[in-house]
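Pulled from TrEMBL, these are the features on record:
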DOMAIN    13-148  domain 'MARVEL'
TRANSMEM  44-66  transmembrane segment
TRANSMEM  78-101  transmembrane segment
TRANSMEM  121-142  transmembrane segment
DOMAIN    153-297  domain 'MARVEL'
TRANSMEM  154-177  transmembrane segment
TRANSMEM  192-218  transmembrane segment
TRANSMEM  225-246  transmembrane segment
TRANSMEM  272-291  transmembrane segment
Amino acid sequence: MESTGGPYLNTAAVTAPVGIARLLQMTFGCTTFSLVAHQGGFSAAYGTFCMFVWTFCFAITVFIITCEFTHLHSCLSISWGNFTAAFAMLATLMSVTAAVIYPLYFVQLDCYPIGCEVRDFRMAASVFAGLLFLTYAAEVFLTRAKPGQVTSYMATVSGLLKIVQAFVACIIFGALVNDSQYSRYVATQWCVAVYSFCFVATVVVVAFSVTGKTALLWFPFERSVVIYTVGAVLLYVSAAVIWPVFCFDSKYGSPRRPGLCAKGRCPWDSQLVIAIFTYVNLLLYVVDLAYSQRIRFVSHL
């Protein structure tokens, strides 16, 4: 690492507003999973997911603070601005999901049968989980691209939307594997292909931005992203029309939830979740397309 002639430690990494937000993230994250691990407890896939979110976000946040405080990020062959912006958005989405799931499945007002001490620990963990989400959202707000500012692509509205689109696609995939019966028709299989293609393409865009390798491509990256977004909008329009027809039209599926369908294991429920988030992602891609016309790509920040 070449010497810049300045101080070896970057105190702004912990004293600036963004640095303070990251310190709070580290504190709240550690407190949350410590309360759960010590006495709150967790179980099943939902609890495991929440613990993964809190420990994963804590580890990456510590890594970011350490790298910025010691200037070690200058040794990494990635676009640091794109990496931190992408992680802040991802952590915001993951932490808000965990902040909703944990109290929903593990917190109760009565002490029976878990005991008052366990209940109190779970309530405290839920409070700190909510605070953790707020601090990650604050970082996204502080680091987002301002009008007219030249910044990293992932800090722009279009870049942040890429993270949200991929996250929503993961929710769709989760519903697909939960007995959604998508293989019954070729049309619904086409919808799965749409979700898969758009998810992979979005992840590729994020990966190239974070690694800072966009300048090495033999084609104009920014134009390709806009063309892809147009294609993604058209593909999601087709899925937004096809999926509800083949799932909720009386000719192919069921317009109403079957009365004997088991809660948590009902294909109709999974199909409804997929339909809702298909429209959510369609809206996200449309907004992305609108914003992508006005941004300037910078790969080296």
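Cβ from N, Cα, C; glycine included.
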Going by DSSP assignments with H, G and I as helix and E and B as strand, what are the residue counts for the domain 'MARVEL' (13-148)? 113 helix, 0 strand, 23 coil
Quick one: do the transmembrane segment (121-142) and the transmembrane segment (272-291) have at least 3 Cβ pairs under 8 Å, skipping pairs fewer than 6 apart in sequence? no
So what pLDDT does the domain 'MARVEL' (13-148) average out to? 94
Answer key: the stretch among 78-101, 154-177, 225-246, 272-291 with most Cβ pairs under 8 A to the transmembrane segment (192-218) is 154-177
Per the Cβ under 8 Å criterion, with at least 6 residues separating them from its ends, the transmembrane segment (154-177) contacts 81-83, 85-86, 89-90, 93-94, 140, 143-145, 192, 195, 198-199, 202-203, 205-206, 209-210, 225, 270-271, 273-274, 277-278, 280-281, 284-285, 287-288, 291-292, 295
Mind checking how the domain 'MARVEL' (153-297) divides into helix, strand and coil residues in DSSP? 110 helix, 0 strand, 35 coil
